[in-house]
Amino acid sequence: MLTSKFSSSSNIYTFILLFLLLNIISLCSSIVLPTTLILPVTKDSSTLQYITVIGQRTPLIPVNFTVHLGSASLLVDCESGYNSSTYKPVLCESKQCSFAKAEFNACGSICLSKPRPGCNNNTCHTFDGNPIIDTYTGAELAEDVLAIGSKPVVLVSQPKFIFTCIRSFIMTHLAKGVTGIAGFGHNSTISIPNQLASLDSKFTNKFGICLSSSTRSSGVIFIGSTPYYVYNPMIDISKNLVYTPLVKNTFTTSKFSEYHVKVSSIRIAGKNVPLNKTLLSIKQGLGGTRISTTTAFTILHTTIYDAVKTAFINALPKNVTIVEPPTKQFGLCFSMIGQNSETSGTALSAGHDKPEYIKTRCHSVLVEKSKNKTDIDLWHRRLGHAPLNTLKKLKI
């Protein structure tokens, strides 16, 4: 098993996205079938990014990656000490370059220095980058050894796994010790699940994610077919969930192959929030409701944010105090001291065409139970939580 400080296809691409935002995933010790790989996932306390560990290179070393559902490939910083005897750039017009089917395929012939990882001539380039800082660039595609998986499953090793060799300046604002991004994009042939399925017939491009809301407990990513077993005794968590269809953003100029769900309404305290429902649909690559593993808050359109903010204020019990925000980017904060999150009158629901709906309690959306403050970010139109600072009651 690889360890580090972060340890713990049909043409129709399907996967089960399992978000169990519960602190009970403290161990996620797993018993899985040989056709299912597992990747332990931890949550970084500083950035709130989800981190996993994958082995790469020769000699093999553990590399820390930030998990991003929409990224097209495995992105690796090749400028900061990338040493491997099995590194091989993907050449122009090669089978590998054709297989990658990147949005931006070009031949790189501008490397003026001594050849090194990320800097070779006549190589296949793609356009990729860091979604956290919204920065993208042309980058060299390459092959190297990849070892993926964790106990009790034997590591699966691929000697020629294609990845994107990115420059260091792109990899900023990642969690400490992280030097790459693990991409699970549905529309890319070289995303982790899609590429593994193409390289090994034992696997499918189906995957599941079980993420912890806490930085003190671990989650897991399953790659391959169900059942997805966790805990002891064996429990197939894929059978104990409410499902909702996924919607693809097929707009060709979209940077990522993100995953969306169809949201038709937002309810707070059992009442529909008045909003412009056209904003809930994807149009020309924009809009819709996107699932993200790299955004720490629920980001809303300005008009939806304003409506949600008003609804939350109206739904809060009379004894809830509006307090001064801990930092100026938060526009509205409530003190949760003495409040029970289940009875605070705040819940976010996503309604669908069918009678079923997905409900997330307020402690999952707005406030971590260990905190005493719920915050609404005025600048970025985000809902989230912040560490408890000195509370100052405001005169309203």
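Glycine is treated like the rest: Cβ placed from N, Cα and C.
The feature domain 'Xylanase inhibitor N-terminal' is assigned by TrEMBL to 50-225. Note on the domain 'Xylanase inhibitor N-terminal' (50-225): mean pLDDT across this stretch is 90.
TrEMBL lists 258-346 with the feature domain 'Xylanase inhibitor C-terminal'. Secondary structure by DSSP for the domain 'Xylanase inhibitor C-terminal' (258-346): 18 helix, 25 strand, 46 coil.
Residues or ranges marked as transmembrane segment by TrEMBL: 12-33.
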